[in-house]
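Asks: Look at TrEMBL and you will find B:1-21, B:124-152 tagged as region 'Disordered'. Per TrEMBL, the feature compositional bias 'Basic and acidic residues' maps to B:1-11. Annotated compositional bias 'Polar residues' per TrEMBL: B:142-152, in sequence order.
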């Protein structure tokens, strides 16, 4: 179902719940995986995904219909992820590297990493990136989001996003190469 | 020496992490709806739902009327409240008796003859209502009282 149909339905109080249910079904996997790649842990991703859709429900009536629903939901999800990671650091007074180490520990426990050493090194390298750069990398590399859409989501210029992605790729390649030499 | 890692040469996984539990995405919409619409929200919405049916100007007018009504009611209640609570008699009554006696004894103020003269005279027939004695008996009782004072 098209976004415009969902939004038109949502405006009708009698069909609002049905419309929102369709919206969740349409975007839940994209939101979940976007969040999951940032926080690694399924339970955290589950909580945050629900938070994202509750915010969508509370604010959809005020959503500007000329904007893209897809990028609007992604922006909410992105902000939730960054707030979550930031509050985690504040709560435990952790520096950047310690949260990365915690996420790496969770990654090591992920069963999908077993038996694929290169993939495991790649994921560890991605976790070493700063949060915002990791978001940019994930959106471009895994979700195939265009730079223009990413600019809408993050409120950053296309040029800055391209540079950020380019640097992220270089860092990852360097880390995986060095990690392979060490082991 | 190891070959440098090139991201473009690496086969990209669509989802690099382990999938969520079975049926997770089937149950998620219901869980989200449960959080977005708590159980009591329905009752609240039905109680106050009629407000949403009103247009914005009518809602504003209604809110103004409620606020003004609140002010009027509080003003009316303030005016009709009893004021006796702050009178001098009430304040005096609140002073403990022991303190009052202490004050009077310590004070130079005494009851003067003028004060006594200004007292309202008792009705002449009053003693007959509670004294069961004849005038002669009363006179005898008074004469028998010792008198230490002499008046000139």
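Positions of Cβ are set from backbone N, Cα and C atoms, glycine also.
Explain the structural surroundings of these features, please.
Replies: Tertiary neighbourhood of the region 'Disordered' (B:1-21): none, as no same-chain residue meets a CB-CB distance under 8 Å with a gap of 6+ residues from either end.
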Asks: Looking only at the region 'Disordered' (B:1-21), how are its residues distributed among DSSP helix, strand and coil?
Replies: 3 helix, 0 strand, 18 coil
